Amino acid sequence: MASPAIGQRPYPLLLDPEPPRYLQSLGGTEPPPPARPRRCIPTALIPAAGASEDRGGRRSGRRDPEPTPRDCRHARPVRPGLQPRLRLRPGSHRPRDVRSIFEQPQDPRVLAERGEGHRFVELALRGGPGWCDLCGREVLRQALRCANCKFTCHSECRSLIQLDCRQKGGPALDRRSPESTLTPTLNQNVCKAVEETQHPPTIQEIKQKIDSYNSREKHCLGMKLSEDGTYTGFIKVHLKLRRPVTVPAGIRPQSIYDAIKEVNPAATTDKRTSFYLPLDAIKQLHISSTTTVSEVIQGLLKKFMVVDNPQKFALFKRIHKDGQVLFQKLSIADYPLYLRLLAGPDTDVLSFVLKENETGEVEWDAFSIPELQNFLTILEKEEQDKIHQLQKKYNKFRQKLEEALRESQGKPG
């Protein structure tokens, strides 16, 4: 029996996508086994009729086979019920296959909340308008606030709250993040305003301060001075937000393309959800010497995809002195990196804290003229409602007094 031709198998395949092809036998009349279905035999490797079949010739033919052309390969038939997939090269990156047997709205691992545990009391906003944690709109003069978790909202938004109180059993406690356990805690009962007189330094003084700062920095987060006199560096901001924040619901995280093209994923949906951030979470930002406090707040909200108004928040600088903690609210035009440069890299000397803007100071210059006119319209409406309620209250009181007087006139006194 003649040996099979080069590139053939001595046994038939069971799943051949096409009828087997036979080549001319080298020495006998018996047809060789069927050819390999996914491989094409080059013409140069097929020996002519009457060629020598010695062992050396076969070895030389097997030793240096030519590469198989891609067009001669036959694709495997796709099994019914499966989608065709591309075959990746060996060693190439394979995307992670993450699947879930649950749909997002029906995921049993996500506990359903119904707005339970809140203990709302009336709050008078004397310093200026506040912000509703549910709808995000301004709250003027009168609001409702939970005594436990500080959730603030309009009176008409009370029935629409679905977020449970995180401190149902009592007053709000600090739910700290893992980063906060690495730093010692001091007495934070003292909050005073610290006023400092600062003079703009020269470029030579800035260079000396940057060299001194980098020599004391131990985490490779130094500052770099540019030729135009500006410099860049890192700051850490502690997030101490007791009230919930609002984020868009049902969208994917921000990709590199969105960050480069400045695409806001929150603008693609109108669905909103609220949750509580861990107290004292730490976020690191890379900013320049021209970055203001307002830009730092907007950058933090963008990183967490928070859609609340930036005026709802304020940036404070925290100074540790004599075992006490002194807070000072920074103006929206201050430069945090310059303050970091003056204080040095030690966070025990100076640190930045993001909190709710509830100091009673309102930046009226940040509002547009239509917004200010809207404030006046809402205030006038609330004033008329209060006047109507007072008139109705005292009218009922007068009617009861008159009825009591009429009843007392017929009785001997």
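Keep in mind that glycine also has a Cβ here, set from the backbone N, Cα and C atoms.
Of the listed segments 117-165, 313-361, Swiss-Prot assigns zinc finger to 117-165. Sequence-distant contacts of S274 (phosphoserine), defined as residues of its own chain at least six apart whose C-beta falls under 8 angstroms from its C-beta, comprise D133, L134, L163, P244, V245, T246, V247. Within the zinc finger (117-165), the DSSP-based counts of helix, strand and coil residues read 3 helix, 16 strand, 30 coil.
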